[in-house]
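Colleague: I am attaching a structure below and will ask some questions about it afterwards.
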Amino acid sequence: MIIHVVASDGVRAMMESALTARDRVGVQDFVLLENYTSEAAFIENLRKRFKENLIYTYIGSVLVSVNPYKDLEIYTKNHMERYRGVNFYEVSPHIYAVADNSYRSLRTERKDQCILISGESGAGKTEASKKILQYYAVTCPASDQVQTVKDRLLQSNPVLEAFGNAKTLRNDNSSRFGKYMDIQFDFKGAPVGGHIINYLLEKSRVVHQNHGERNFHIFYQLIEGGEEDLLRRLGLERNPQQYQYLVKVRIWLFTRDTKLAKLFWEPLGNCPKVSSINDRSDWKVVRKALTVIGFNEDDVEELLNIIASVLHLGNVQYGGEEGNACITSDTQIKYLARLMSPLNLEQASSARDALSKAVYGRTFTWLVNKINASLAYTDDSFKNYSVIGLLDIYGFEVFQNNSFEQFCINYCNEKLQQLFIELTLKSEQEEYEAEGITWEPVQYFNNKIICDLVEEKFKGIISILDEECLRPGDASDLTFLEKLEDTVGGHAHFVTHKLADAKTRKVMGRDEFRLLHYAGEVNYNVNGFLDKNNDLLFRNLKEVMCMSENKILTQCFDREELSDKKRPETAATQFKASLAKLMEILMSKEPSYVRCIKPNDSKQAVRFDEVLIRHQVKYLGLMENLRVRRAGFAYRRRYEVFLQRYKSLCPDTWPNWQGKLADGVATLVKHLGYKPEEYKLGRSKIFIRFPKTLFATEDALETRKHSLATKLQAGWKGYSQKSKYQKLRTSAITIQAWWRGILARRRAQQRRQAAATIRRFIKGFIYRHKERCPENEYFLDYVRYSFLMKLRKNLPKNVLDKSWPTPPAALTEASEHLRKLCMQNMVWSYCKKISPEWKLQMEQKMTASEIFKDKKDNYPQSVPKLFVSTRLNGEDINPKVLQALGSEKMKYAVPVTKYDRKGYKPRSRQLLLTSNSAVIVEEGKLKQRIDYGALKGISVSSLSDGLFVLHVPSDDNKQKGDVVLQSDHVIETLTKIAICSDKVNSININQGSIKFTVGQGKEGIIDFTPGSELLVAKAKNGHLSVVSLQSSSVILLCKCL
């Protein structure tokens, strides 16, 4: 078998390789300790491993667990899978390894298993059992029905902890009862049921706790976490201080005249709040767990009624009246007054406490039975199921004051130690016989003598205790001690103060006796032994409980008890009988062991209290366990495993042994120089007697690993590079062939497509003049496509560009539509981009074009010149003129030359255009105003001169006749006048001469003739003669300018 260590990085290394680090982390199996008889070496190995957070160590197949008092990341699902189905010694020590080994033995050998977990309070027994249950819940096969059982198995823990666990000085979640749980598996290996047996519940805690301790968790969880409506129904307050069973109190008993009678109760726990316990949160967990287990609302209500009743019962107080007790608290149950009379004060209080303990104890038993009913395997078709038992029971206890409870607990541990030694020696002997190795008897302390001292019939301590409880007369704890001295006083393992020597008497009280247990000496104080052993309840109290309407209480207090005249068995006898049954159960199963150790009393994560641990090592019997395990051979492994690991140390076995395994191992150990007394060869295993032999072999292997690693690295690198090259070469060839194929297929495909295209094109050309048909459709589509692509590249650049590609005959109409659309689009785009000022300019130019294009010679020269808004600035116009115009807005102003009607003398004037009229101005005077409505027309010549005539009505007395004006910007001026007066169609362009009205019915004539230079003068015939430049001269002049 090979043991592995699971490192923090998750890599699994063999245990033997970890032996090289044994100086730092210790050995993982105490069997491998060289000085195995030294308790100091044992504890030092524990210290090394605890320092490295290695809390688990083996003693052979026994697991030693040290409580780390902190969370370790070693309980995840990944860890569970790592231990699942792996040989016990192939992984590092762990609670999962024990759980998995038991499960695999159950499946393969079809034999029931049990796991015994022991240790003192706070050592981690309850947590260990939880981890085992969680492991089975995760790793075992599951179905809907199986999942329900798994859930109930897991949820039974918080319920039993709430009702059976309490805070003690040593542990905030101490189990105050022993528990044996059977987990039932079907033939598939799935958990299908379970059964729980409880032992020796500490009922006295209900009515009394030591200072700094608490009552059972359920009382505080109910008060802190219960809903307001629930507490109201139960008559409880959300304050533990209100209940005498939960706080530190002193109850004074008063007589009728209120004189002080007696202090009756000692101080109680007075520890309702604990920093490490969240009662409110735990209450929610318990309520959910009860539902999962199968409790209905009525069951829960009845159960909580009982818990509340115990609290109320603790608040019942008594006073004295003529020597008898009477209830003094008005708020409590009144019929107790009749039940408790005629008792004295002490008897009444004891009866009340006895009732509280009986009610709680029997309710706890009912709760366990209820859980068992929910876990019961109900499949009638298959009754033959297998079982794994979990025993979570108190370890050996030695306190400063040991009483009846410690006596029973230590008696239980004596029986378990006896069982352990017997089964361990038995399994060792069976393995030796199976391998053909001579069995050598092992000397060990047989604690049967102590078990007989306690349980022997008629002579044992329990029999004497029962006899003292049953005999008539004045029996007391001291008479019981005297009876022990008379009966077993000569026993080697029994001592009292009376029988002890002078040295021993100094450390023993007169009311104590000492037993020499396998784990050490323990002094027991006999005070309270008889009362705790009797555990009696008055008959009338039983009658009342039988009459209760609470369904749970009617099941707990059976009426048959009232008719049974036989005295009930004592607590010790019941415990002895249940322990005997437990031993029968364990003897029928294959056991595994977990020994739990508490590193310190202060619950600190890194503190290692050597004195406390030495105490536990002693009382757990670990050194005895180790001595029995090391009585023969310290190390044993199967041939194939041993040879596989160490074959490299011998040339004959490296790299592979071809013969029988036994011969290969013999050759190997001979080469290693093993002496005959150091080892034995069995049928399938090698047995090594001394750890130093194994360590020397392991050290040799560690040295050998370096040369092996070098060779392996060289070989692997060569193989890896060669493999890499071959892979790259093969890949390159494959890719090249694949790519060449792709290129060849592409070229062939392109040639086929090209040939088909050419054929279709030629055929289409032949049929191009026919109607569209399959033969020519490709060609026509290509022609259209080519035209459209050509058109796309040669579209007109602007609205003045009239170029357009010549379309094929089939696209003539479509081409014309496209041209129009293109032009519209360009015009729309152009119009969208022009500004309001440019738009006005274009409108004026359009008006000028409409009037003068092809009609007046100097029009072409005006086209490229922009029209301006005015030819006169503000300072060019006399302010008096502007004042005279008033509110009229001036739209245009230009300097002009006015020719008189008589003599045609030229005079410099200004022509102003307003919204309503044209005004002729001479310096600061308004010489003439012509309303646009009165303007009959405008005449101008077709030549390039700048003269024009404004025609006004002859009958208008305000006007003196038509006005003859000359402007250097005649096209601009006339366009402005036409737009302002809305007289675009009233401009006349005359050739030769213009007639105008001089005044009083007279007419004048202007004659226009072309010439080489511009000349305006009065002719001999009385006409105004205007010689205008010819068109060619105008053009030439423009070019010169």
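Just so it is clear, glycine is given a Cβ too, placed from its N, Cα and C backbone atoms.
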Colleague: Name the residue range among 4-26, 234-256, 579-601, 602-624 that TrEMBL annotates as region 'Actin-binding'.
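Modeller: It is 579-601 that TrEMBL describes as region 'Actin-binding'.
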Colleague: Across the domain 'Myosin motor' (26-702), what does the mean pLDDT come to, as a whole number?
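Modeller: Here the mean pLDDT over the domain 'Myosin motor' (26-702) amounts to 83.
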Colleague: Write out, in the order they occur in the sequence, the residues of the chain not among GLY119, GLU120, SER121, GLY122, ALA123, GLY124, LYS125, THR126 that have a C-beta within 8 Å of the mean position of the C-beta atoms of the recorded ATP site.
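Modeller: Output for this site, in sequence order: ASN67, ASN171, SER174, SER175, GLY395, CYS596, LYS598.
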Colleague: Summarise the region 'Actin-binding' (579-601) as counts of helix, strand and coil residues per DSSP.
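Modeller: Reading the DSSP string over the region 'Actin-binding' (579-601) gives 9 helix, 8 strand, 6 coil.
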